[in-house]
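> As listed in TrEMBL for this protein:
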| type | residues | note |
| --- | --- | --- |
| REGION | 1-28 | region 'Disordered' |
| TRANSMEM | 110-131 | transmembrane segment |
| TRANSMEM | 197-218 | transmembrane segment |
| TRANSMEM | 224-245 | transmembrane segment |
| TRANSMEM | 343-363 | transmembrane segment |
| TRANSMEM | 383-404 | transmembrane segment |
| TRANSMEM | 425-446 | transmembrane segment |
| TRANSMEM | 466-492 | transmembrane segment |
| TRANSMEM | 513-537 | transmembrane segment |
| TRANSMEM | 557-579 | transmembrane segment |
Amino acid sequence: MNTIGERMTKRESFDDDQESLLKSDNSGTDDDPKINYRGWKVMPFIIGNEIFEKLGAIGTLSNLLVYLTTVFNLENITATNIINIFNGSTNFATLIGAFLSDAFFGRYKILAFCTMASFVGLFAIQLTAAVDKLHPPQCEESPTCEGPTEGQMTFLKTGLGLLMIGAAGIRPCNLAFGADQFNPNTDSGKKGITSFFNWYFFTFTVAQMISLTIIVHIQSNVSWAVGLGIPAALMFVSSIIFFMGSKMYVKVKPSGSPITSIVQVIVVAAKKRRLKLPEYLYPSLFNYVAPKSMNSKLPYTYQFRFLDKAAIVTPQDQINPNGSATDPWNLCSMQQVEEVKCLLRVLPIWVSGIIYFVVIVQQHTILVFQALLSDRRIGQSEFLIPGASYYVFLMITVAIWLPIYDRKAVPLLQRFTRKEGGITLLQRMGFGIFFAILSMVVSARVEQHRRTLALTNPLGVTMRKGAISSMSGMWLIPQLILAGLAESFMTVAQVEFYYKQFPENMRSIAGSLYYCGHAGSSYLSSVLISIIHQVTAKSETGNWLPEDLNKGRLDKFYFLIAALEIINLGYFVLCARWFRYKGTSSSSVELEKVTRQSEKSANGLNDSSL
């Protein structure tokens, strides 16, 4: 058992049902180094680093839209598109971070470098507020304001670029690095991994709540220089905490990127596309599994059978004495093929997630402009809630609902469904999309009310932005609560779904795929805004998204997104019905099915074995 535990130290699987496979695999060696898992002993460093890193990054990014429009004097549409493109590029960059981590440097080195890059980026952004020459002059009571110079925008983009580099490594590696500290082959290690997941999302939520309230308040009402300096200082503290635990961490060495194996399967399947599968029995396909592979053995599935051609052995293919293929660019194993199938099966669900996240993007961006044109006073006081701080109600909903769901809803659902999580991960995602639709419908109705009061009973006028509605900003909370419920179902389920449905050596890619979904939604949102802005500007009814929202029809834009989400829900249901979970009994049934079919076709073959 020690041999198995030592051999599987690189493994990051969170599937409890794989334990039996590990116990039955006796191909390990006694030469593997013994790993000293510290578990919860190093969690103060990792979780502490996580808290301060999130406080630093979110503390800057959560109010960046307001910063661009008030300090850099950019127009609403321009600032929104900059934020969406930055978020999209940052999230897509996680694929590069995951690749470099898996193939060359390992998670520890990537996290160490990217943590420092994030600090330098935050410090550069803070300088744009602290140094007068790095931002445009303050806009006085004038309908037109002086915009930033090319040099000022270049310096700002440099800071954002360093932040992007930092996020490219931190986002896909943080979660997996924390899980590396627990032994995945023991019950206590598995429980520790599950608890770490919970702590990860809890700290993320707490960091967002602090950033969206205290830090945003300082930025909006005290000083941008101080408000942006605090996140930079917190990021510096995060770096120190991370390096304090360096000697205690389990540092998994890079084992090569699985992207190479994915490309090999696609290339070989293309080369052998003219071969006919019915002429070959499934058992005769090349079925080699490396002795020290960190991946569990995957059963055969009947989907994407065109990829099976990559495992057809031809007379030209040669096999090494240890059973592996001599040239992996001419012959792939069925294990490799099934790993690629795992990726392909997830992609349709991932596409649905891109469309879903468009709803959350609006609550990050457009809602801020709605809040700024609403009555943000608390009661009769003169205190104004910062526009970016309303998003905290979404996070509060997540923080309240997740423990209720885990402690109350899941046990209740288990009584009826007899399933481990009460409902499946895909069902949870479906509920998330449903709540997202409701959030957009409510957003549209609230905007109609806000706009009507702004035109008929305004509190005042904001220069360049329009009249301030007498509608209380508290009316924005219901749509945020619905969006919070959507996130509670969708986001947590998505992260768990990717980690469980990907092969073990693709864990970093699984983490980056989640962020790439956010990237796609940011780009999609930017495209939607640009198209609607340009098309409706030429229409008789007027621009839906002008600089002054009171002259536009933001409600119609929200209804459009709601309609898009309804179509997305139908698409998701079809994908969910088609999807097959990795390593389930249904996969074994498919294996028996194709084997029986192969045996029937064997009667007409002269040579049915390799």
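Note that Cβ sites are derived from N, Cα and C of the backbone, with glycine treated the same way.
What's the neighbourhood like for each of these?
Using a Cβ-Cβ cut-off under 8 Å and counting only residues 6 or more beyond its ends in the same chain, the transmembrane segment (197-218) has close neighbours at 14, 43, 47, 50-51, 54-55, 58-59, 62-63, 174-175, 178, 226-227, 230-231, 386, 388-389, 391-392, 395-396, 398-399, 402, 406, 492, 495-496.
Nonlocal intrachain contacts for the transmembrane segment (425-446), taken as residues 6+ away from its ends with a CB within less than 8 angstroms of a stretch CB, comprise 349, 352-353, 356, 359-360, 362-363, 367, 471, 475-476, 478-480, 482-483, 485-494, 496-497, 500, 555-556, 558-559, 561-562, 565-566, 568-569, 572-573, 576, 579.
Residues 201, 353, 356, 359-360, 363, 367, 370-371, 373-377, 385, 390-391, 393-398, 401-402, 405, 428-429, 431-436, 438-440, 442-443, 446, 449-451, 453-455, 457-460, 547-551 of the same chain lie 6+ residues outside the transmembrane segment (466-492) yet bring a C-beta within less than 8 angstroms of a C-beta in it.
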> Any chance you could find the range in 224-245, 383-404, 557-579 with the most Cβ pairs under 8 Å to the transmembrane segment (513-537)?
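Against the transmembrane segment (513-537), the leading stretch is 557-579.
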> Mind checking which residues of the chain, 6+ beyond the ends of the transmembrane segment (224-245), have their Cβ under 8 Å from one of its Cβ atoms?
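Counting only partners 6 or more residues beyond its ends, the transmembrane segment (224-245) has Cβ contacts under 8 Å with 42, 44-46, 48-49, 51-53, 55-60, 63, 67, 71, 111-112, 115-116, 118-119, 122-123, 125-126, 129-130, 211, 215-216, 218.
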